[in-house]
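Here's the structure we're looking at; comments come further down.
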Amino acid sequence: MEELKALILSIQFMTGIPIPINIDVKEDKIYKIASYFPVVGLLIGGILYIAYLLLKDLFSREIVMTFLVAFSYILTRGMHIDGLADTFDGLFSNKDREKIIEIMKDSRLGTNGVLALVFMVILKILFLSDIRQSLLFSALLVSPVIARLSVVFSIAISKSARGGKGLGGLLLERAGLREFVIALLISTIAGYFVMPLKDLALLYVISLSFTCLISKYISKKIGGMTGDTLGAVNEFVELIAFIYFSIL
């Protein structure tokens with residue numbers, strides 16, 4: 001029952017998909033939702049593929065992919081792309097640790113954040129449009145899964161830069177190897193049915209290696225990770241997955 005609660009909470013937390021159920025979970029148990037982030041990715045990927053099937057005969061491929069990228073942000077309430085923008089505003093402000101974190105918490109968007117947001121959206125559309133038709137189903141399902149697996153990996157290898165404040169901080173302080181192993185198992189099962197294992201394994205190596213590097217870089221700058229920087233990891237790895245599928 002605890003695991004089912006964690007699954008529902010992870011969907012409620014990571015998406016705007018309405019689930020009219022009030023889940024009562026103790027604060028010291030809420031970290032378990034991290035295990036099910038890849039399930040959220042699979043759900044989002046499935047919805048995006050259905051949207052693709054509905055739109056593909058109505059518009060050009062580029063327009064359809066633009067709709068899909070926009071719809072993905074609607075599904076997630078812009079949570080991850082907002083984190084990416086805040087991360088760039090903070091990291092490229094050339095300020096000290098405390099000021100960087102303060103800038104990230106600021107709801108106002110700066111020039112660096114706008115540039116990161118715009119380029120991320122454009123690159124996602126371009127590489128998604130470049131993926132072969134035969135690989136599109138796999139790309140739309142697996143990319144959101146791998147992105148969220150990478151977030152769990154970052155959580156497992158990092159600490160909170162804000163002393164455990166906020167849900168992101170709580171996850172960073174409490175979730176660890178157990179949650180990553182469960183997330184990895186879920187991701188592997190999902191990926192096994194839609195792409196060759198050798199291709200999936202290589203995508204794991206690329207994505208998790210990048211996640212390790214960027215997590216260490218950010219942690220060196222601000223002493224850990226935050227909810228915003230985890231969102232940035234999600235965005236970068238999803239783009240990496242799109243690039244990977246466009247090359248296959």
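Cβ coordinates come from backbone N, Cα and C, glycine included.
Annotated in Swiss-Prot:
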| type | residues | note |
| --- | --- | --- |
| TRANSMEM | 3-23 | transmembrane segment |
| TRANSMEM | 35-55 | transmembrane segment |
| TRANSMEM | 63-83 | transmembrane segment |
| TRANSMEM | 109-129 | transmembrane segment |
| TRANSMEM | 135-155 | transmembrane segment |
| TRANSMEM | 180-199 | transmembrane segment |
| TRANSMEM | 200-219 | transmembrane segment |
| TRANSMEM | 228-248 | transmembrane segment |
>> Check for me, if you would, whether the transmembrane segment (35-55) reaches the transmembrane segment (228-248) - at least 3 Cβ pairs under 8 Å, residues 6 or more apart in sequence.
In response: no
> Looking only at residues six or more beyond either end of the transmembrane segment (63-83), which have a C-beta under 8 A from one in the stretch?
Replying inline: 14-17, 44, 47-48, 51-52, 55-56, 117, 120-121, 124-125, 128-129, 140, 144, 227-232, 234-235
>> If you count every Cβ pair below 8 Å, which range out of 3-23, 109-129, 135-155, 228-248 shares the most with the transmembrane segment (180-199)?
In response: 135-155
>> Six or more residues beyond either end and a Cβ under 8 Å away: which residues meet both conditions relative to the transmembrane segment (3-23)?
In response: 29-30, 32-37, 39-40, 43-44, 74-77, 79, 148, 167
>> Using a cut-off of under 8 Å between C-beta atoms, tell me which stretch among 135-155, 200-219, 228-248 contacts the transmembrane segment (109-129) the most.
In response: 228-248
> Other than its close neighbours in sequence, what residues sit by the transmembrane segment (228-248), given a CB gap under 8 Å and a spacing of at least six beyond its ends?
Replying inline: 79-84, 86-88, 90, 104, 120, 123-124, 127-128, 130-132, 135, 138-139, 142-144, 146-148, 150-151, 154-155, 161, 168, 172, 199, 202-203, 206-207, 210-211, 214-215, 218, 222
